[in-house]
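Chemist: Structure below; questions to follow.
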């Protein structure tokens, strides 16, 4: 039964679209807002002085100069907090994946491959294997590219319904089907007896709550938890169904692709970001993980008090689109229309929205003049990033001879890569691909640790030497 | 205990967590390079000769110790630069984190990573079936490993503080002392499985380093007494 159901996803994958993660962190529009904010604040501060010393001109000039520095300050000051806000979910996802891989043997058994990777790696010669894996990787990457371009085209021509539908179907699949398989395997591993009715009830509840949380509204923590869970599920599927060399090759190529797609002027992702910005919308209901709520609280224009009341740190930023929190992502199906997240969270709103803000969901495109409280600025990371990080760490723990050492090394490498990426984000303030640096570090450390450090540590442990 | 240290003192402040992870990263890189050297040496030598292998291993260990200290120094340099950046950026002109805190966190980072690498495979194996020391090796293998790892983690922490302090005040003898201590501890582990030879000196050295670091950080016997009396 399991064998059969295991084969199903392969066929289903054929029908579903696979879009890959382009994950970018970005930081748009931040400057202008902050500048405005700083301006207003400074002016408030400076005004009494300007009256006394009678040199308003100087003050304003100073204001402008200092604004720039303050921009940087604010960015970097909140940098550490944001990094941690991202560390925690990435760590959680990786921990879940590693724990599953270590305990449930299903995900390390070779049960066949996806139809996207038709060439097998059980060949006789090394050369043949290399060739096969290169072909596999090429096919996979081209599928991803095609999907991304399709997505961009759909977005450009405003076929929102199609995109919505696609995302909903994929999240349905992920939430119900994959978690059913996962649950089944976990029960098998721990030899827990369970009847179908209970399982059906549990999966149904899990799935429905997940759909609501992700696509609509729900508590922030719950949404984050769901996003982490589906990223983990997706990563597990990849780990299971991708043969070794193919997996490493794909990881490498996809980080290159990410780099290219985001930074090149003609890259699909970049076009997507720009289109979204032109239209002042949020990138669509996508697959992004956000560390705080993105509420659209533009009604602040009319009602600053209500907004202030609703949460301690109301932070309303310009108007690019209303992005309701729920429109935040889900990672999708076998393919993932992962959305890369670009916008450095500009639109952080209160954590719990008031009924009024909920009503005012569709943003007014005008720039609101409300003062922002920059405390709760958050960062967004695409779910594809989560997935690929977890794939890397999961593969490391599954197939490495160094076992935990390798896993730990890859983990630290990925976290450091994430740190560096966020640092770059703070410096450049625009959409950045989150994959390349981390994956590069991760790959380097994986291969190095597995081949070099492992024998060394083994010998040391054997003789009980300590370094 | 090291993990407890982490929870109580580091987990609150995000900046410290970053410094911790970066410290772990630096240790990892140093380990990587040293194992690279060892690997090359092993490949270039005769795999049959056991004494040679053991000698190479010892050489590898020493080299690794030196590399670790070198990387600690590099990390110190990096943190100096970072502190200047943080000071420039902060509102009130002083850094949100002092160099001593950084030293402490960096030490913990190094220590945790080294401890993790030493212990974790052991722990994983310990979960499985088997008897300790069935082939005539010591039966206390796990226990001593645990203690040794703990002492090493603490030592790294103290060495971090001492090292940074030495760099700050340009007292080269402090830095040299740290390096020598590290070499001694690693060297003493060569006496294993004669555990008396390795554990006891290590603990003594740790106590010494602890006292020294405490004094350097501004503590004193008086403070200690006041602290203990207050609480009680």
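Heads up, the Cβ atoms here are built off N, Cα and C, so glycines get one too.
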Chemist: Need the matching range: TrEMBL marks transmembrane segment on one of A:134-155, A:266-287, A:288-309, A:310-331, and I'd like to know which.
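Modeler: Based on what TrEMBL states, transmembrane segment spans A:134-155.
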Chemist: Between A:83-101, A:102-120, A:349-367, A:368-386, which stretch does TrEMBL give the note transmembrane segment?
Modeler: A:83-101
Chemist: Which listed stretch (A:83-101, A:134-155, A:226-242, A:408-428, A:434-453) has the most C-beta pairs under 8 A with the transmembrane segment (A:248-264)?
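Modeler: It is A:434-453, which has the most Cβ pairs under 8 Å.
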Chemist: Report, as numbers and ranges, every residue of the chain located at least six residues beyond the transmembrane segment (A:83-101) whose Cβ falls under 8 Å of a Cβ in that stretch; write 'none' if there are none.
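Modeler: Apart from its flanks, the transmembrane segment (A:83-101) reaches 107-108, 182, 186, 224, 227-229, 231-232, 235-236, 239, 289, 291-292, 378-379, 381, 385-386, 389-391, 393-394, 397-398, 407, 411, 414-415, 418-419, 422.
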